[in-house]
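Quick look at what TrEMBL annotates:
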DOMAIN    26-324  domain 'Gcp-like'
BINDING   HIS114, HIS118, ASP318  Fe cation binding site
BINDING   ILE145, VAL146, SER147, GLY148, GLY149, ASP178, GLY191, ASN288  substrate binding site
Amino acid sequence: MLILGIETSCDDTSVAVLKTEDERLEVLSNIVSSQIKQHAPYGGIVPLLAAREHEKNLPVVLDEALRATRYTIRDIDLIAVTSGPGLIMSLVRGVNFAKELAEKNNKPLIGINHMEGHIYSNWLPESSKALQLYSSIAFPALCLIVSGGHTELVLMHDHGKYALVGRTVDDASGEAFDKIARLIGLEYPGGPAISHEAEKFDATRYTLHVTLPRPMLHSKDFNFSFSGLKTSVLYLVRDLKVPLENVRTEIAHEAQKAIVDVLISKTMKAAKKFQPKSILLAGGVSANKRLRSRLAEEVSRLTPKTYYLEPALQYTTDNAAMIACAAYFKAKNSKLQDLSFESVEPDANWEIV
Ligand code: KG4
Ligand code: ZN
């Protein structure tokens, strides 16, 4: 089966072609057109600008994604589009484009939840040559979903069957990275910028000895809170007695450490309670090196042995391959002819649980 994925929920325009054969998946193309340059001067995403860029980019990105394969739109068996959650104007552009494409070429269309797409990025093979057998992921799987808009712990009992374990009560972890980066004069997006800055940290030249809070670290539930951390950085920067340049690396290092500490602590607490067979990491923040290595280390210590999986780096941030992948697992269990283009509508607040 050939699945064409389309993703426009936020500021990336992406189209992918996924081939599935004998229960194996192969990403034939995954084109991502980033709008970072356009939004960077504003320190965050401007929704109107994002929608306009999607409209302009979609036909170009589609063309590129198909050209990278030996197939044409006629060969596609199913079109999958992100229909929520996300920025409504961005979602509308993607969904309308997908509907027109499906109608014109008489193809079935399926609407995919963006967060479910992030979860399914774990099923994608690292390179097009290395086909991955997805059956290695055992259920129940505990998923830590960390992105710019979401921070959730979800227990996945089977394909498409989710239960909420915990979520942020205020800012998402990616949002915390982005806001803190801005406060310490780093560019957008803040996650990679803070991570890069923190890598320069040298403990022997540690002058500020800053300790940021780990909000809700000891709360009895599995929820998160990150807005207090951002406020602490705000006051710290406001009251600095030394130039920000001198201590930017230390603050970046400590902020990253604080965010990762809380994410790991809650995930391990949930792992002990729910005893999942697998632990999966997903969402843009899953690109964070510290988070990946710390979580892998903690999971390796669990008894009984728990399978740990993180998405290949190219599938951590928004992309259409993950949307096509989620569609494959949905389509596997239903008849393609039952899917029709009329039933797909954008929903900015669509939650999987
Ligand atoms: O999943 P994603 O691409 O878009 C949403 O669905 O929100 O996630 C974007 C978020 C941004 O907040 C960005 O700063 C963060 O992921 N991010 C990172 C890293 N790369 C991207 N956060 C921490 N470390 C990174 N290396
Ligand atoms: Zn995302």
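Any Cβ shown, glycine's included, is placed from N, Cα and C.
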Spatially speaking, which of the binding-site residues HIS114, HIS118, ASP318 is closest to ILE145 (substrate binding site)? Use C-alpha to C-alpha, please. HIS118
Where ASP318 (Fe cation binding site) and SER147 (substrate binding site) are concerned, what is their Cα separation in Å, rounded? 9
Same-chain residues at least 6 apart in sequence with Cβ under 8 Å of the Cβ of HIS114 (Fe cation binding site), in sequence order, are GLU7, SER9, THR82, GLY84, PRO85, GLY86, ASP318, ILE323
Near Fe cation: residues not in HIS114, HIS118, ASP318 with Cβ within 8 Å of the site Cβ centroid are GLU7, SER9, CYS10, THR82, MET115, GLY117, SER121, SER147, GLY283, GLY284, ASN319, MET322, ILE323
Is it possible to get the count of other C-beta atoms within 10 angstroms of the C-beta of ASN288 (substrate binding site)? 26
Please list residues from the chain of ASP178 (substrate binding site) whose Cβ is under 8 angstroms from its Cβ, counting only those at least six apart in sequence. GLY44, GLY148, TYR188, PRO189, GLY190, GLY191
CB contacts for GLY191 (substrate binding site) [other CB atoms within 10 A, all chains]: 29
Filter the candidate list ILE145, VAL146, GLY149, ASP178, GLY191, ASN288 of binding-site residues, keeping only entries whose CB is under 6 Å from an atom of ligand 2. none
Conformational class of VAL146 (substrate binding site) under the three-state DSSP mapping: strand
Averaged across the domain 'Gcp-like' (26-324), what pLDDT does the model get? Just tell me the whole number, please. 95
Cα-Cα distance maximum in Å, computed over every pair in ILE145, VAL146, SER147, GLY148, GLY149, ASP178, GLY191, ASN288 that the record assigns to substrate: 17
Quiz question: given the binding-site residues GLY148, GLY149, which has the greatest number of C-beta atoms lying within 10 angstroms of its own C-beta? GLY148
For VAL146 (substrate binding site), the nonlocal same-chain Cβ neighbours (under 8 Å, six or more residues apart) come out as ALA172, SER173, GLY174, LEU263, LEU281, ALA282, GLY283, GLY284, VAL285, SER286, LEU291
If you measure between the CA atoms of HIS118 (Fe cation binding site) and GLY149 (substrate binding site) and round to the nearest Å, you get 12
Between HIS118, SER147, ASP318, which of the binding-site residues has its C-beta surrounded by the fewest other C-beta atoms within 10 Å? SER147
